[in-house]
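Trainee: I'd like to ask you about the structure that follows.
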């Protein structure tokens, strides 16, 4: 076998695809080892994080099924000696959580609907039409994301009470007032989110609809709004979660008025329940109330989590 070669030719006993020791092969091995270590560390971290999140939720739910003595004697135990379902009925009836729950559903039905309608309309106009002041209006909406709600507490409180003199339905302890406040509070993020989503929608379909004689309103409601369904579901879930868990605005504006029925929402109901049940040492009833307030939003997110993820990734991927 000849080993003499001209310049640039490979010897027959040499493999051109063979990397020298310590070269590319060694590098890939070290990278593989590092990747395995990183994967293992990330899995351990996620496991620890899951335990930190799930255990408190599970502890609240299981404590709602215990007796008061079990809650005190075995606070960290997750297994009650007996399932006491009457704790939930006591919190719902004696704790008046049922009326607070109904008030919250009524307020959210109006506020989320108005927020989605007005926010999507404003976002569509700002994203799809060019006109003078377009960017200025958009940045005004964005400025609402930078201001904490606490800065608006005093003017909002005085404005609501001054408005009640001429418009009693927009005064304190009124559902309509709280609906409008929730809409104003949620509108900035809704416009920001839907503005980015509307910009990703193709122009060809909108142009074809306009050629067929569709008006601007028909184009929005019949074409563009159905196409933005993933984004609408995502921002709708965010609005439901945010408004359901909001406690500062209801506590500020929904104080009961003498001679009028209580219109407080679930956040205020939990505060009242914690005070009343705390005086009575009815800890199981308190945990039952917290569980009933927590489960609706948890169930809503579990049901729509795929739509939320697809809505978030759709705006990024397009």
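Cβ atoms are placed via backbone N, Cα and C, with glycine included.
The domain 'ABC transmembrane type-1' annotation in TrEMBL covers 101-304. The region 'Disordered' feature in TrEMBL is assigned to 1-28. What TrEMBL lists as transmembrane segment is 44-65, 100-124, 136-157, 177-198, 219-241, 283-304.
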Trainee: Are there residues at least 6 beyond the ends of the transmembrane segment (283-304) whose Cβ is under 8 Å from a Cβ of it, and what are they?
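Mentor: For the transmembrane segment (283-304), the list is 57, 60-61, 63-68, 70-72, 84, 87-88, 90-92, 94-95, 97, 101, 233, 237, 240-241, 244-245, 266, 269-270, 273-274, 277.
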Trainee: Could you name the stretch, out of 44-65, 136-157, 177-198, 219-241, with the greatest number of CB pairs under 8 A to the transmembrane segment (100-124)?
Mentor: 177-198
Trainee: Using a Cβ cut-off under 8 Å, which residues of the same chain at least 6 positions beyond either end of the transmembrane segment (177-198) come close to it?
Mentor: 107-108, 110-111, 114-116, 118-120, 122-124, 126-128, 138, 141-145, 149, 156, 160, 163, 169-171, 224, 228, 230-232, 234-235, 238-239, 242-243, 246, 249-250, 253-254, 265, 311, 314-315
